Amino acid sequence: MAQKKYLQAKLTQFLREDRIQLWKPPYTDENKKVGLALKDLAKQYSDRLECCENEVEKVIEEIRCKAIERGTGNDNYRTTGIATIEVFLPPRLKKDRKNLLETRLHITGRELRSKIAETFGLQENYIKIVINKKQLQLGKTLEEQGVAHNVKAMVLELKQSEEDARKNFQLEEEEQNEAKLKEKQIQRTKRGLEILAKRAAETVVDPEMTPYLDIANQTGRSIRIPPSERKALMLAMGYHEKGRAFLKRKEYGIALPCLLDADKYFCECCRELLDTVDNYAVLQLDIVWCYFRLEQLECLDDAEKKLNLAQKCFKNCYGENHQRLVHIKGNCGKEKVLFLRLYLLQGIRNYHSGNDVEAYEYLNKARQLFKELYIDPSKVDNLLQLGFTAQEARLGLRACDGNVDHAATHITNRREELAQIRKEEKEKKRRRLENIRFLKGMGYSTHAAQQVLHAASGNLDEALKILLSNPQMWWLNDSNPETDNRQESPSQENIDRLVYMGFDALVAEAALRVFRGNVQLAAQTLAHNGGSLPPELPLSPEDSLSPPATSPSDSAGTSSASTDEDMETEAVNEILEDIPEHEEDYLDSTLEDEEIIIAEYLSYVENRKSATKKN
């Protein structure tokens, strides 16, 4: 397959350079049949490539037929408005995986999915369509989603099956059940990530329960994230981790939608943040790797752009020649795994594009890095006997150039450093939580407490000054019923208490109405503003203060609410199961797959080189 893609790329390159239009005479006659001149062209190109003439002729004929189909489709689209979509089917299908499908663009995504399933013999409910690196939305029209004429559509199956399984009803039923489970799993993933992202955006959850909500730099310390970007970043990281979990299990068809969702949310974050951490660069590699493992790399039109972006992000994050990384960590051995994957994918992409020289350069770089990163299994065993995990052993040995003693010291030191960092981060979160609780105890809303502490960089005294200077902050929406001390009118007792403090009775009553009967807040605000209320505060909030009426349905809904909570807990726990405990899990790899693929593609390139030398 890879060799055929190389041949197609080289022949396409030759045709472009020689300005040959295969869909015109003398290569195509008036009946759109192949012309005699095509055989001469195949002979000419096979001599240039030192390839079998029949194979070259066959590929050129395929290119000619595709060109005619595309031209016919273009004419048809101009006259009728019926667009052509190039459909790439799953690898398991033995028939030609690139197929053309005609459709109007005003139909919905669901109708297109149904049409693809019917045309190519797939089960509609168990496939997903990816167009322009986005999942096709079933409820929107193709036009609304930017689907255009001649677009590429990749079909992903939610099940792993073989042809003989389709002949057996029992096996097919099992596959359908498996697909249903995977679809439910995807939906739970989305729900769980939304819950975690919401918690992260609120930044008020218990630090004991939220170690998974942090994003850290190369030292392991948490990075301060603007509230406006926090939710998007958490969703991006969550989808990325879930996608990586599927990648580890080699479930590429399910991994890809998660990775594409992660890419979408990362794009909502500022450039400065993405340059601070390597997450975004790693995601680009994972997306290209996923397309490659699905044997659909040609569907990813911007594979080169993604790989270049990853390389640029690594440079911004790690510094020129990894200098910044070495300065921070003392080594860059573990991160070299990422560069091995980068060079390998660049080599594969160049080979598929017909660029043998560039392909060999990148593949050779990957091979050299593999030799450098290869780990003697006996050294891993030595570290396992010392009580370290296999993952710690691999990472430690790569960080210490394979020296077992140095690796043991490195792992121990790293454990101690991370334990200290976690202790400091935990204490910082604990203080923040205490400050929020303190402000809530004074009558301020959770939302107001969060925002003012963020504005005051966590300083409680400064936060109190801000709140007293801007009492309208207390009016920020808060859905926590614990802080909802609403009453229609203040009690005479509370009015008298404020009058006793020296405030005017009418002003005292107005302040108590504004602050929902909270004497402490009313007194603080009046004292801070010279005995009067700030003009920006609403003085007639009765409509918003009336307590919600209690109905019999409220108590009846308790069971339903409990069920929802259980479902949320299940969704969150499923996400947490795939969040790796080790913060450098993404740097850990046995490199077994990479070793095989490097050898495979180098053999293709070296065979081409040896064939060229013989001639």
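Cβ atoms here come from the backbone N, Cα and C positions, even for glycine.
If you check Swiss-Prot, you get these features:
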- 36-70: coiled coil (COILED)
- 152-203: coiled coil (COILED)
- 374-413: domain 'UBA 1' (DOMAIN)
- 424-470: domain 'UBA 2' (DOMAIN)
- 427-474: region 'NEDD8-binding 1' (REGION)
- 489-529: domain 'UBA 3' (DOMAIN)
- 532-586: region 'Disordered' (REGION)
- 539-562: compositional bias 'Low complexity' (COMPBIAS)
Inset, instruction - Count the residues of the region 'NEDD8-binding 1' (427-474) that DSSP assigns to helix (H, G, I), to strand (E, B) and to coil, and report the three numbers in that order. - result: 39 helix, 0 strand, 9 coil
Inset, instruction - Please work out the mean pLDDT for the residues of the domain 'UBA 1' (374-413). - result: 92
Inset, instruction - Report the DSSP secondary-structure composition of the domain 'UBA 1' (374-413) as helix, strand and coil residue counts. - result: 29 helix, 0 strand, 11 coil
Legend entry - Summary of DSSP states over the domain 'UBA 3' (489-529), given as helix, strand and coil counts: 29 helix, 0 strand, 12 coil
